[in-house]
Amino acid sequence: MAAKLKKFLLRYYPPGIILQYERDGAMKQKPIDLLDLTPDVDVEVLLSQIIRQEPLISENRRPALRQLIHRLIDKMLEQQHHSFTLFKVLRAHILPLTNCAFNKSGDRFITGSYDRTCKVWNTFTGEEIFTLEGHKNVVYAIAFNNPYGDKIVTGSFDKTCKLWDAYTGQLYYTLKGHQTEIVCLSFNPQSTIIATGSMDNTAKLWDVETGQERATLQGHRAEIVSLGFNTGGDLIVTGSFDHDSRLWDVRTGQCVHVLSGHRGEVSSTQFNYAGTLVVSGSIDCTSRLWDVRSGRCLSVKQGHTDEVLDVAFDSAGTKFVSASADGTARLYHTLTGVCNHTLVGHEGEISKVAFNPQGTRLITASSDKTCRLWDCDSGECLQVLEGHTDEIFSCAFNYEGDFIITGSKDNTCRIWKALTASSQPGAPGGPGARPQTAFSYND
């Protein structure tokens, strides 16, 4: 039976349109990624190209599609947030914090701590919703299963990982199998698999539905400190202190490529959204871009004078950034490889960096007790977020980019709100609404 288009869904970050269609009685989804979309695009040419390339879309859909493209462009032209104000200070835990993370809609976030717990917070009230208790050692790595946000995974120095219901706090499973501390973890984007990386030199894949181990990824010769899935969820990248990163086939658990070349420990790795590239940062003061298909190193980025501690792509993958112990961050154009800006201003190392979903702003967290907000186009520092009394090691934007959380060794988590923030509980398009999918067209 032929596939029948039922609905268009809008995805703002990165720009795209999701086709919901029916085939053989089952509803399926297919994305059309518009990662290179800019406000000055020739919309009619783009429409013709989409209609020509996508069999599900016929010419009579052009008006509906045109409307969606214009909505994506309007979103790009919205006023950008220039200035954030302190919204809440949360004295989160008795012992130091390890990490913090937003759910996709940004109405909740989680904090992990040396006090062996993970706490779930309401972003808008600053109230603790509940505490996830049960680990016997430091809770180090934590994540929501975004975009769904109904599950939380916690990884601990007690060698186990725990999977929780994000709404009730109920424990689903304890994932046992690692020999030593778990230091990194991730859900795949489909929320069917959890990956954990450990000081025992292995990563493991676990089934979300059953809590069973699916595979052990063996091959690294030192601890795995970074891991992440590609958008399709069929590949995973791991970064290790053995100086290498590795690409693995999620289905088989086999190593597909060893990304070899760094002369020091790998600190951070990430896929671009298209899944064609991986960026890695290393203690050897460089970052590298790798071709996923061949495993070849495409370029080595030099310029930092000390360890690279974090790397990240923006949501569309058109830019990437490296953050260093030398107190600077370097912002690159992915396609040309040119370093557009060196972000100078911090007086201590930068351990964490994050783009807003729009790819227009960048935040850097530093040991100088501040977080800085940067304009990606100009490289200018727009604001210094001051108030923490010890080093900041964690920073994140929410999905709309109008809230920031920072986590510090001073045992507080701070929520910063844009002066022009539109997010509020239950507002249309705000965190109470379903993120990412603006309903548009139905047969």
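Each Cβ is built from the backbone N, Cα and C atoms, and glycine gets one as well.
Just so you know, TrEMBL annotations are computer predictions that nobody has curated.
Marked as repeat 'WD' by TrEMBL: 90-131 (among others). Across the repeat 'WD' (90-131), mean pLDDT in this model comes to 92.
With a cut-off of 8 Å between Cβ atoms, the residues of this chain six or more beyond the repeat 'WD' (132-174) that come close are 98-105, 108, 110-114, 116-120, 180-187, 189, 191, 194, 196, 198, 206, 208, 210-211, 435-436. Feature annotation from TrEMBL assigns repeat 'WD' to 132-174 (among others).
In terms of DSSP helix, strand and coil, the repeat 'WD' (175-216) has 0 helix, 22 strand, 20 coil. Per TrEMBL, repeat 'WD' is recorded for 175-216 (among others).
Note: the repeat 'WD' (217-258) comprises 0 helix, 22 strand, 20 coil (DSSP; helix = H, G, I, strand = E, B). As annotated by TrEMBL, repeat 'WD' applies to 217-258 (among others).
Look at TrEMBL and you will find 259-300 (among others) tagged as repeat 'WD'. For the repeat 'WD' (259-300), same-chain residues at least 6 beyond its ends with a Cβ under 8 Å from one of its own Cβ atoms are 14, 33, 35, 222, 225-232, 235, 237-247, 306-313, 315-317, 320, 322-324, 326, 330, 334, 337.
Residues or ranges marked as repeat 'WD' by TrEMBL: 301-342 (among others). Outside the repeat 'WD' (301-342), and at least 6 residues removed from its termini, the chain residues within Cβ reach (under 8 Å) are 13-15, 35-36, 264, 267-274, 277, 279-289, 348-355, 357-359, 362, 364, 366, 368, 374, 376, 378-379.
What TrEMBL lists as repeat 'WD' is 343-384 (among others). Residues 12-14, 76, 80-84, 306-307, 309-316, 318-319, 321-331, 390-397, 399-401, 404, 406, 408, 410 of the same chain sit 6 or more residues outside the repeat 'WD' (343-384) yet have a Cβ under 8 Å from a Cβ within it.
The annotation repeat 'WD' is assigned in TrEMBL to 385-417 (among others). Outside the repeat 'WD' (385-417), and at least 6 residues removed from its termini, the chain residues within Cβ reach (under 8 Å) are 13, 81, 84-97, 99-102, 104-106, 109, 111, 121, 123, 126, 348, 351-358, 361, 363-373, 423, 429-431, 435-436.
Positions annotated as region 'Disordered' by TrEMBL: 424-443.
Residues annotated as compositional bias 'Low complexity' in TrEMBL: 433-443.
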Do you know the DSSP helix, strand and coil residue counts for the repeat 'WD' (301-342)?
0 helix, 22 strand, 20 coil
What same-chain residues lie close to the repeat 'WD' (175-216): Cβ under 8 Å, and 6 or more beyond its ends?
137-138, 140-148, 151, 153, 155-157, 159-163, 222-229, 231-233, 236, 238, 240, 242, 248, 250, 252-253
Contacting positions for the repeat 'WD' (217-258) when only residues 6+ beyond its ends and CB under 8 Å are counted:
183-190, 192-193, 195, 197-205, 264-271, 273-275, 278, 280, 282, 284, 290, 292, 294-295
